[in-house]
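Copied from TrEMBL, the annotated features are:
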ACT_SITE  His158  active site, proton donor/acceptor
ACT_SITE  Lys162  active site, proton donor
BINDING   Gly11, Gly12, Ser13, Gly14, Arg15, Met16, Glu37, Gly101, Thr102, Thr103, Ala125, Gly126, Asn127, Met128  NAD(+) binding site
BINDING   Arg38  NADP(+) binding site
DOMAIN    7-128  domain 'Dihydrodipicolinate reductase N-terminal'
DOMAIN    131-267  domain 'Dihydrodipicolinate reductase C-terminal'
Amino acid sequence: MTDRPGIVITGGSGRMGQMLIRTVLESDKARLVGVVERSGHTWVGQDIGVAMGGAAIGVNVTDDALEAFSKAQAVIDFTAPEATLEFAALAAQARAVHVIGTTGMSEAQIAQLEPAARHAAIVRAGNMSLGVNLLVQLTKKVAAALDEDFDIEVIEAHHHHKVDAPSGTALMLGEAAAEGRGVTLSDVSDSGRDGITGARKRGDIGFSAIRGGDIVGEHDVLFAAAGERIVLRHMATDRAIFARGALKAALWGQDKAPGQYDMVDVLGL
Ligand SMILES: NC(=O)C1=CN([C@@H]2O[C@H](COP(=O)(O)OP(=O)(O)OC[C@H]3O[C@@H](n4cnc5c(N)ncnc54)[C@H](OP(=O)(O)O)[C@@H]3O)[C@@H](O)[C@H]2O)C=CC1
Ligand SMILES: O=C(O)C1=N[C@H](C(=O)O)C[C@H](O)C1
């Protein structure tokens, strides 16, 4: 027997899924007890080590999420919004900590996590890295120190496979800027400018998205005024930073009461 928490990874064949599997396998604080993929995926039934091109490790990929979750203490889930909602209900049923890295969830979808959070701890963040979560704190501080003479723009760049915009991180940074300024983001958010948009509205928080190649994730928060600019920047060059943060969240969540948490809670920022 071991007291290392057992972890299940959902979306195991994905970019983050594979990174998470490697991170858990390399850790001496957790064990990989399951990998979930959707029904019909070619990896279902295969040993995950073999599916990833290596030696067998004795964990088969399954499409039965509830069965996998019932053997685990935590589920790490970087998939897609509809899948994450299903996994939240199942993780709650299994009383497993649910770490959610999935982005692109609507406000209505986020609200649907609440029933699950009554039964198990959920840790959700659009970015699980230490660096970005520090940048969120810095953004809040800088926005609080400056007035609306400084236009705030969040600029993000990601690989060409990314399906959602603005990125989850950009939204975290926008929320932090709005909070620092004492406004509600939805009242001042301006994204997707195209055509004759009119002049920029004072006090708006703008979002721009670049998609190309294999960019892992880059975020700038620009504070632009007459005669000067401040730029706060984070550049991710390796998805391991997100996986390490997610594993930290899964371990942190082990003794936490049911409820919703984020990486600021996990990192104590
Ligand atoms: N919070 C953070 O720190 C980070 C968050 N992310 C977010 O993580 C998510 C995944 O990113 P990434 O790994 O690049 O994406 P991928 O497309 O590479 O992987 C997504 C995985 O989820 C699976 N999946 C998608 N929909 C479903 C479904 N309905 N049911 C079951 N499985 C499903 C996919 O399976 P299939 O191939 O069969 O569709 C695939 O295995 C995104 O939302 C991204 O923004 C990414 C990096 C960091
Ligand atoms: O899809 C990605 O790749 C990433 N998604 C997250 C986001 O939407 O901010 C985090 C990171 O930037 C990579």
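Here the Cβ of each residue, glycine as well, is placed from N, Cα and C on the backbone.
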Those binding-site residues in Gly11, Ser13, Glu37, Arg38, Thr102, Ala125 whose CB falls under 6 A of ligand 2, listed in sequence order
none
Under a three-state DSSP reduction, the secondary structure at His158 (active site, proton donor/acceptor) is strand
Between the recorded positions Ser13, Arg38, His158, Lys162, the one whose Cβ has the fewest other Cβ atoms within 10 Å is Arg38
Listed recorded positions adjacent to ligand 1, that is, members of Ser13, Arg15, Arg38, His158 whose C-beta is under 6 A away:
Ser13, Arg15, Arg38
Cβ-Cβ neighbours of Asn127 (NAD(+) binding site) (radius 10 Å):
27
Nonlocal residues around Thr102 (NAD(+) binding site), in sequence order (Cβ under 8 Å, 6 or more apart)
Asp77, Phe78, Thr79, Ala80, Pro81, Ala83, Thr84
Within the predicted model, mean pLDDT of the domain 'Dihydrodipicolinate reductase N-terminal' (7-128)
98
